[in-house]
Amino acid sequence: MISVYSISLGCPKNRVDTEWLLGVLGPEVRPVREMADADLVLINTCGFIAPAVEESVRTVVEAVAELEDLPRRPLLAVAGCLVGRYGRQDLAAELPEVDLWLTNRDMDAWPEMIGRALGVAVHVPPVRLLSTGPSYAYLKVSDGCGHNCSFCTIPSIRGGLVSTPADVLEAEAVNLLSRGVKELIFVAQDVAAYGRDMGLRHGLRSLLDRLLPLDGLERLRLMYLYPAGLDAGLLRYLRDAGKPFVPYFDIPVQHAHPDVLSRMGRPFARNPREVVDRVRDVFPEAALRTSIIVGFPGETQQHYDHLTRFVQDVRFMHLGVFAYRAEEGTPAAGMPGQVDEVEKDWRRDALMEVQAEISEEILEGFTGSDEDVLVDAAHEEWPGLHVGRTWFQAPEIDGVTYISGPGVKPGAMVRAEIVESRTYDLVALS
C-alpha cells in the first residue's frame, strides 16, 4: 500500500495529469489528507501566469517546511508547468529538498522515475485515480498548443500540439464510464484542434463518432474551443449528434476589439461576434462561456469601452475576466503601452460587475423550470443538501445548483424544479 498526499494546482488538464500519475502506482494507492501519513507527496504545479507561479512556489516551500518537522520524511515530487517553464536544474538549485522534478514533456518517463524512487512496480497503462467524485471526469484529448498568442507561455512550456490517439481515448472513456462516471468533459489547450497534428481534417468529429454512442454516457461537454476552429460544419455535426452532447460552448475570445486582438496574435481577430452568431444560428439556446483579458498593452479606454459593449450585447452566460500580467519571455511583455496595474484591476472588476448583472438576469429566467441536475457531492456543512450542476454549468468554473429531495445522492442524475436563483447559483428541489 502506497500512501499519497497530492496537490493539483491550475487547470483541469493538470488534474488529469495528477490522476494519471497516481494511477501508474497501481491499485494499492491510498490517498491521505495529511503529509505526515504519506509515502509520497506530489505537487503538480501551474506556471502559466505570474500569480500561478507564485502560488506554485509558495506551495512547494510550505511543503518543504512541513516535511522538515516530520520524523519520517516522505518522498517529495514536484511536477507540471512550473518545472517546464524554469527547468529542473535552476529549480533544484533553489529547492534542493525536492526529490523529483517532473516536466510535462517527459511525462512518459514519470512512471519509471516515480516507481524507481519509491521502489515499487508501476502499471502501464494506468487506471486513473479519480479525484472528481463519482459524477464526472475530464478527458484530456491533447497536450501542447499550435497557436502563438503573444501573451501566452504554454507553447514554450508544453510544446506544440500532440493529440492522444482516438483508440486510447476511447479505452479511457469506457473505463471511466464503467466506474459510474456520467459526464465526460473534453479538455485541451484547444479541443477544436484535435487531430490536426495527425493530419486529420475533422479529427474532433472522428473522435466524437467513437465516444458519443458509448453506454452510460449521459453528458459530453467540450471545453476550450478556439474561435477559429468552431466552423459551421462542426456546429452542424454537433446539432445532428444530439444527446449526450450538451450545447455548452467555452470559446475564449480574450477581447473584442480588432486592434487588441491583432496585438494578441489571436485567430479570428476581425470580429469575435461572428463566431457567437454562428453558434446561436445553430443552437439558439446555447450556453456560452468565454474568457477576457483586460489591460493588454495598448488597450485604450476606447478599446475597453468597445469590449464592455460587446459583453453587454452578447450576454454570455458565463464569463471569466483576467487582468493582463506581463509574462517573462512572451512578446507581449516587451510591447509598448503597458497599462497601469491599478487601472487593469479596475477594468477587470468593473467588467465583472457588468457580468454579474447579466448572469443574475439569465439565471432568474430558469426559476420554475425543470432541469436534469447531475449531483456531484454532499454539501460539506448542511446535512441533506447536495451540490450539483445542470447542463449549462461546468464544474469548478461556473456556478452550481444546490439540490435536495428524494433520490438526491452523489453520482445521480435527478429531475428537479429550479425554485430559486442567485447571481451565479441555483436552488432546486427534486
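Placement of Cβ uses the backbone N, Cα and C atoms for every residue, glycine included.
Mapped onto three states, the DSSP output places C81 ([4Fe-4S] cluster 1 binding site) in helix. Residues or ranges marked as [4Fe-4S] cluster 1 binding site by Swiss-Prot: C11, C46, C81.
Listed in sequence order, Q254, M264, G265, R266 are the same-chain residues at least 6 apart in sequence whose CB falls under 8 Å from the CB of C149 ([4Fe-4S] cluster 2 binding site). Residues or ranges marked as [4Fe-4S] cluster 2 binding site by Swiss-Prot on the basis of sequence analysis: C145, C149, C152.
Swiss-Prot lists 2-119 with the feature domain 'MTTase N-terminal', giving sequence analysis as the kind of evidence.
Marked as domain 'Radical SAM core' by Swiss-Prot on the basis of sequence analysis: 131-361.
Annotation comment: Swiss-Prot describes 364-430 as domain 'TRAM'.
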Among C11, C46, C81, C145, C152, which are binding-site residues, the residue with the most C-beta atoms within 10 angstroms of its C-beta: C81
Helix, strand and coil counts within the domain 'TRAM' (364-430) (DSSP): 1 helix, 30 strand, 36 coil
Segment confidence, the domain 'MTTase N-terminal' (2-119), expressed as mean pLDDT: 89
Residue counts (helix, strand, coil, in that order) that DSSP gives for the domain 'MTTase N-terminal' (2-119): 62 helix, 25 strand, 31 coil
